[in-house]
Amino acid sequence: MTTAQFDCQYCTASLLGKKYVLKDDNPYCVSCYDRIFSNYCEECKEPIESDSKDLCYKQKHWHEGCFKCTKCKHSLVEKPFAAKDERLLCTECYSNECSSKCFKCKRTIMPGSRKMEFKGNYWHETCFVCELCLQPIGTKPLISKENGNYCLPCFEKKFAHYCNFCNKVISSGGIMFHDQQWHRECFLCSGCRKELCEEEFMSKDDYPFCMDCYNHLYAKRCAACTKPITGLRGAKFICFQDRQWHSECFNCGKCAISLVGEGFLTQSMEIFCRKCGSGVDTDI
């Protein structure tokens with residue numbers, strides 16, 4: 001480059017003996033270079049001049065002194081950082097603001113550390129322990145009860161009920177019958193062995209029976225319609241001597257009027273209202 005050529009590419013001022021900057025192999029005086037090519041700082045909005053260090057992240061620029069955590073204002077130069085919603089945060093502020101909190105100790109679960117998740121909450125791996133033995137649960141089976149998590153052996157030791165049928169632990173749900181616990185799948189009809197958990201049933205000598213088996217084996221029969229009398233859902237029935245009737249079947253054998261709560265007369269196996277029975281030989 002000759003002396004004549006050693007001029008500022010923009011203002012043509014001589015650069016002999018002066019500080020200059022090369023851009024695409026062309027020399028510029030510092031003033032022209034800063035005015036034409038300088039990036040503007042995201043923080044202070046001032047140009048980052050050629051004698052200042054230009055820090056760039058995702059096509060944005062900062063003065064070295066402006067490159068700070070948005071929250072705590074500590075310098076991020078040569079330090080790890082993270083970005084959230086176009087804000088720069090140091091790792092500590094990012095963790096406090098964005099990372100999960102441990103359900104047990106309430107401290108931040110730092111990025112990169114292992115965390116355990118259960119029912120929408122998070123724990124440090126070392127905080128996710130059995131309430132009774134205090135051993136880490138990790139990925140082992142657990143049962144949650146009374147705001148605590150328990151490994152299976154400790155849960156059985158502290159809380160479990162045992163099925164009256166199979167003598168195994170009832171870990172959840174279950175059915176109570178005559179002050180005894182049953183697995184739903186173990187609560188069966190004592191006659192046909194079908195499951196009763198969603199069925200109506202009757203009890204005989206402390207044994208459960210489905211309605212079909214109970215009616216077949218034990219239910220009294222209505223003297224009028226011969227159908228079983230169960231007494232379910234508060235159904236009423238009438239007893240007289242060794243016979244029973246559904247309340248809706250307890251009617252005069254001649255005029256069919258209801259005899260519930262009324263006086264009646266009998267003849268052999270028939271029952272009559274007083275009016276109809278007065279014309280026949282009856283038993284009182």
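Note: Cβ is positioned from N, Cα and C throughout, glycine not excepted.
Here the domain 'LIM zinc-binding' (39-100) has, by DSSP, the following mix of helix, strand and coil residues: 11 helix, 20 strand, 31 coil. According to TrEMBL, the feature domain 'LIM zinc-binding' maps to 39-100 (among others).
For 161-220 (among others), the entry in TrEMBL reads domain 'LIM zinc-binding'.
According to TrEMBL, the domain 'LIM zinc-binding' annotation covers 221-283 (among others).
Helix, strand and coil residue tallies for the domain 'LIM zinc-binding' (161-220), in that order: 10 helix, 21 strand, 29 coil [DSSP].
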